[in-house]
Amino acid sequence: MGSSANTETAMVTASPALNHKHPSINGGDANPSHNTAAMLTISEADASKKRRTGVLPLEVGTRVMCQWRDGKYHPVKVIERRKNHTDGNNEYEYYVHYTEFNRRLDEWIKLDQLDLDSVECALDEKVEDKVTSLKMTRHQKRKIDETHVEGHEELDAASLREHEEFTKVKNIATIELGKYEIETWYFSPFPPEYNDCVKLFFCEFCLNFMKRKEQLQRHMRKCDLKHPPGDEIYRSSTLSMFEVDGKKNKVYAQNLCYLAKLFLDHKTLYYDVDLFLFYILCECDDRGCHMVGYFSKEKHSEEAYNLACILTLPPYQRKGYGKFLIAFSYELSKKEGKVGTPERPLSDLGLVSYRGYWTRILLDILKKHKGNISIKELSDMTAIKAEDILSTLQSLELIQYRKGQHVICADPKVLDRHLKAAGRGGLDVDVSKMIWTPYKEQS
């Protein structure tokens with residue numbers, strides 16, 4: 001009997017699958033729930049696998065959780081898909097929009113970054129909007145709205161959809177400009193022959209762009225520019241500003257527009273650059289003058305715009321250059337004897353920069369000024385348009401409406417608090433270093 005029992009135990013050990021089917025074969029399992037749990041785990045895994053297989057490939061419009069560069073999972077919407085032939089398994093990769101973030105972070109991702117158990121199939125857009133708006137708090141909805149349609153305030157719903165459809169997928173992923181390799185933010189309509197490029201190589205002086213590094217190297221041996229074309233109108237220490245006429249330097253101006261569009265979502269690309277002046281800010285060293293950012297303005301603006309487009313390139317951001325460019329545009333307006341305002345719509349970053357600039361300039365004056373001062377006087381002193389002064393002071397709750405007119409209430413403690421919140425002013429424009437004649441006076 002003893003040997004028979006041993007044989008039976010040996011059989012059970014050698015055939016674990018048999019043990020699952022017949023848990024009582026070795027005299028009864030002391031805890032049968034272990035086997036039930038194992039069976040449930042296996043069936044859940046099978047169900048999950050079937051579910052994952054059933055949703056692939058993901059349709060455009062699908063919502064799913066995706067692992068971002070911070071290592072955490074965030075909700076995304078699939079914008080586009082394509083087959084990846086390079087890895088041999090012919091899997092799809094997906095272009096996704098992180099719904100919590102700005103479109104500049106949209107990117108191509110691999111399947112293994114997605115949590116396929118979180119897949120939500122694409123709904124009809126109108127139904128989806130209704131469902132989403134019911135679920136979201138007012139704060140969440142405002143945050144999504146700001147992220148989604150910022151800079152497109154002048155577009156109606158149909159135009160906005162058309163814009164987002166046309167520019168939905170970034171065509172160029174990275175560029176090389178000078179010593180920097182820069183990840184792009186948005187679509188830019190480069191000529192069709194560049195459709196197959198994911199990286200472009202720019203000459204940092206003439207802004208010609210090429211498909212391959214070797215082409216750039218050959219070009220740099222021949223290119224004799226060491227600064228933007230046009231007139232140097234400002235130099236202070238290592239900073240220079242060049243004025244480039246779009247009519248006289250058409251190719252440079254168009255190349256600048258292609259480059260800028262990679263980092264600006266809200267602007268139309270101007271092919272007719274003849275009507276614009278471009279102000280290129282550079283850091284200068286013994287190798288030349290390296291562009292850090294620019295702004296453009298119309299030669300003749302009916303709406304008193306003193307700035308059409310503004311950009312600080314990503315490697316140079318958070319150094320005060322954006323504030324410097326804004327200040328410079330107003331110094332030009334002062335020399336023209338005009339008030340100015342930036343062309344609308346402003347980008348999200350542009351609006352923050354302008355609000356900060358207006359706040360600092362206006363509150364500095366209010367702090368030092370004794371007695372009453374009118375909005376008109378502030379406008380004359382700063383070249384800031386009266387409407388921008390009014391909206392800034394209203395947003396700071398420094399304006400009251402009394403007896404049919406706006407009155408500025410400038411409590412010193414309140415001014416100090418707002419100035420502190422506005423942050424530092426950045427680099428100052430030394431007006432004594434400007435050598436510039438307004439365009440209308442040029443021969």
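Each Cβ is built from the backbone N, Cα and C atoms, and glycine gets one as well.
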(request) Can you dig out which of the ranges 1-22, 23-44, 111-132, 221-242 TrEMBL describes as region 'Disordered'? (result) 1-22
(request) Give me the non-local Cβ neighbours of GLU343 (active site, proton donor/acceptor): same chain, 6+ apart in sequence, Cβ-Cβ under 8 Å, ordered along the sequence. (result) GLU303, TYR305, LEU307, ALA308, CYS309
(message) For the domain 'MYST-type HAT' (167-438), report the average pLDDT of the model, please.
(response) 92
